[in-house]
Amino acid sequence: MFRRERSIPLRGSAAALSNNLSVLQLPARDLTHFGVVHGPSAQLLSAAPEGVPLAQRQLHVKEGAGVSPPLITQVHWCVLPFRVLLVLTSHRGIQMYESDGSVMVYWHALDSGDASSVQAMFARGIAASVHFICVGTWSGRILVFDIPAKGPNIVLNEELAGHQTPITDIATERAQGQDGVADMVTADDSGVLCVWRSGPEFTLLTRIAGFGVPCPSVQLWQGIVAAGYGNGQVRLYDAGTGALHIQISAHARTISALDLAPEVGKLLSAAEDTFVHIWKLNRNPESGSIEVEHCHGECISDTQVCGARFCDPGGSSFAVTGYDLAEILRFGSV
């Protein structure tokens with residue numbers, strides 16, 4: 001069971017974007033960082049365990065020649081083995097900061113040459129894999145940046161092609177040196193999923209066909225791909241084969257966020273139907289089949305939920321953002 005804990009006030013509110021919450025836990029400092037997008041700015045907040053807000057910072061898109069400031073599409077902390085970077089994507093480009101948002105270490109402008117006059121450029125979908133940061137784009141390409149142990153010498157390593165429509169989300173999992181193991185999955189507006197193996201050159205392992213419904217959020221855990229769709233379904237696939245194992249009618253409206261607690265295999269799903277659900281994933285050791293169990297449901301009354309994340313790898317707490325909601329809601333297990 002979970003109960004509502006002290007919420008964290010926001011200066012504005014959360015924009016109606018999927019995956020509009022990022023969480024970074026700093027156990028050594030007993031702090032948790034939260035990141036939320038609102039229009040042309042991103043709010044960063046630090047809070048103590050009891051939810052006491054300690055610091056706030058606002059980040060804006062790097063200014064260009066446009067009349068109005070470009071909108072931010074996502075903010076996300078990327079935890080690499082040797083450093084943590086905060087990545088901000090927008091309609092103009094990709095910005096990477098030190099983890100507290102104090103110093104911008106890299107800027108990548110989107111190339112308008114790839115866009116037609118009727119297409120809106122944007123980057124969306126952010127994840128870290130080993131010493132790479134991968135970012136999706138409106139064209140369906142995934143940009144792979146090579147990140148040094150320190151400093152600003154970040155390099156665009158390669159561009160991955162596997163999607164024909166805009167990227168919605170990217171998820172990764174540490175493969176721990178296992179050869180041939182799928183450790184990244186990408187999703188797009190048509191519902192297509194691509195499963196990759198990272199390395200000096202990324203390799204496309206499996207392509208899972210869509211069914212005419214967008215896939216706003218995706219996660220990867222121990223060879224299981226969890227995908228949340230615009231029709232409210234959560235589908236669980238085998239990452240190696242692409243086979244569909246389980247289909248859950250989890251929500252009544254489009255899913256806005258999925259998250260995983262990797263230590264225990266808990267999956268969190270949130271949707272525009274005001275509900276947040278927690279599921280337990282498992283792979284049967286004898287048959288190899290994927291199993292799922294519903295653990296908890298929470299109704300966020302009169303709220304279009306747009307972001308939800310576990311606040312610790314054990315899945316004992318989670319946070320939720322909603323459109324036009326001027327606070328981050330927090331829940332802890334009892």
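Positions of Cβ are set from backbone N, Cα and C atoms, glycine also.
What Swiss-Prot annotates here:
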- 162-206: repeat 'WD 1' (REPEAT)
- 208-247: repeat 'WD 2' (REPEAT)
- 250-289: repeat 'WD 3' (REPEAT)
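Distant neighbours of the repeat 'WD 1' (162-206): 18-19, 122, 124-130, 132, 134-142, 144, 212-223, 225, 227, 229-230, 237, 239-242, 262; these residues of the same chain sit at least 6 beyond its ends, with a Cβ under 8 Å from one of its Cβ atoms. Secondary structure of the repeat 'WD 1' (162-206) per DSSP (helix as H, G, I; strand as E, B; remaining residues coil): 0 helix, 20 strand, 25 coil. For the repeat 'WD 2' (208-247), residue counts in helix, strand and coil come to 0 helix, 21 strand, 19 coil, using DSSP. As a summary of secondary structure, the repeat 'WD 3' (250-289) carries 0 helix, 22 strand, 18 coil according to DSSP.
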